[in-house]
Every structure is written in structure tokens, then in C-alpha cells.
Amino acid sequence: HLMQFETLIKKIAGRSGVWFYGFYGCYCGSGGRGKPKDATDRCCFVHDCCYGKVTGCDPKMDFYTYSEENGVVVCGGDDPCKKQICECDRVAATCFRDNKTYDNNKYWFYPAKNCQEESEPC
């Protein structure tokens, strides 16, 4: 669920997902096309691809189960589809933490007209 994704971003990356990643580059936020502009935008591209591979549940609307063990987020639950959503979100939040290029604010509120290149395959 997108609200859980926001929570994981805060837990793992230590930042608000909506504020820092909701309107960034060509892939962070709604939609996505063109080539990722930097490492942070690539995190969003990979997350979009991950959601695109989920079948049998809705990555944006379905809630999943996770826990924290020694400060590490662990995806759980019996539903493999929902666990896959959790893994997509966990990996993206970790990617945001490890690639803090969002400080390059030339990509904040980046115009979609600058994202016209052919998209890379997932």
C-alpha cells in the first residue's frame, strides 16, 4: 500500500517519501517515462518495474505485513503477492537511503516534457 511505502521510506531512508520523492525526476511520483536522471530517479524506475511484475494483487492499494528485527525491515505474511509488494517497497526505500542524490534539486518538480527519451526496458 502506498501509505506503507511512505512509512518504510521514513523508517529506512529517514525522509518523507512524498516530500522528497513524490515529484522528482522522470520516475519518482505518478507515472514515469524516459531515462532516469540520476541514482535517486533510478531507484524509482526500479520500483516501478518491480510493481509492474506483481500479479494477483494491487501494489498501490493492498496492505502487506512486515516487522523490524534489529533495525532491519523484514517482509512477512502468508500471501506471496503482498510479500512481493513489501520487497519492492523495502528495496526502494533502501535505495533512497543509499543514493541521496535528491539534494540535486534541479530534478525536483522536473517537467515531464524533459522525459521524452525512449524508456529503458525493465
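Each residue, glycine too, has its Cβ placed from N, Cα and C.
Under 8 Å, Cβ to Cβ, and six or more positions away along its own chain, C26 (disulfide bond) finds G32, R33, G34, K35, P36, K37, D41, F45, Y110, A112, N114, C115. The feature disulfide bond is assigned by Swiss-Prot to C26-C115 (among others), with similarity to another entry given as support.
D48 (Ca(2+) binding site) falls within a helix when secondary structure is assigned with DSSP. According to Swiss-Prot, the Ca(2+) binding site annotation covers Y27, G29, G31, D48.
The disulfide bond feature in Swiss-Prot is assigned to C28-C44 (among others). Other C-beta atoms found within 10 angstroms of the C-beta of C44 (disulfide bond) number 23, with every protein chain shown included.
Of all the Cβ atoms in the protein chains shown, 18 others lie within 10 Å of the Cβ of C95 (disulfide bond). If you look up Swiss-Prot, you'll see C43-C95 (among others) marked as disulfide bond.
Taken from Swiss-Prot, the feature active site covers H47 (among others). Taking all protein chains in view, 23 other C-beta atoms sit within 10 angstroms of the C-beta of H47 (active site).
According to Swiss-Prot, the disulfide bond annotation covers C49-C122 (among others), on the basis of similarity to another entry. The Cβ neighbour count for C49 (disulfide bond), using a 10 Å radius over every protein chain in view, is 15.
Residue density at C88 (disulfide bond): 23 other Cβ atoms are found within 10 A of its Cβ, drawing on all protein chains shown. Following the DSSP three-state reduction, the secondary structure of C88 (disulfide bond) is helix. Here Swiss-Prot flags C50-C88 (among others) as disulfide bond.
Residues annotated as disulfide bond in Swiss-Prot, with similarity to another entry given as evidence: C57-C81 (among others). The Cβ neighbour count for C81 (disulfide bond), using a 10 Å radius over every protein chain in view, is 15.
Per Swiss-Prot, disulfide bond is recorded for C75-C86 (among others). Taking a C-beta cut-off of under 8 angstroms and a sequence separation of 6 or more, C75 (disulfide bond) has the following same-chain neighbours: Y64, T65, Y66, K83, C86, E87, R90. Mapped onto three states, the DSSP output places C75 (disulfide bond) in strand.
Counting every protein chain shown, the number of other Cβ atoms lying within 10 Å of the Cβ of D89 (active site) is 28. Under the heading active site, Swiss-Prot lists D89 (among others).
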Disulfide-bonded residues near D48 (Ca(2+) binding site) (Cα-Cα within 10 Å), from C28, C57, C81, C88, C122: C28, C88, C122
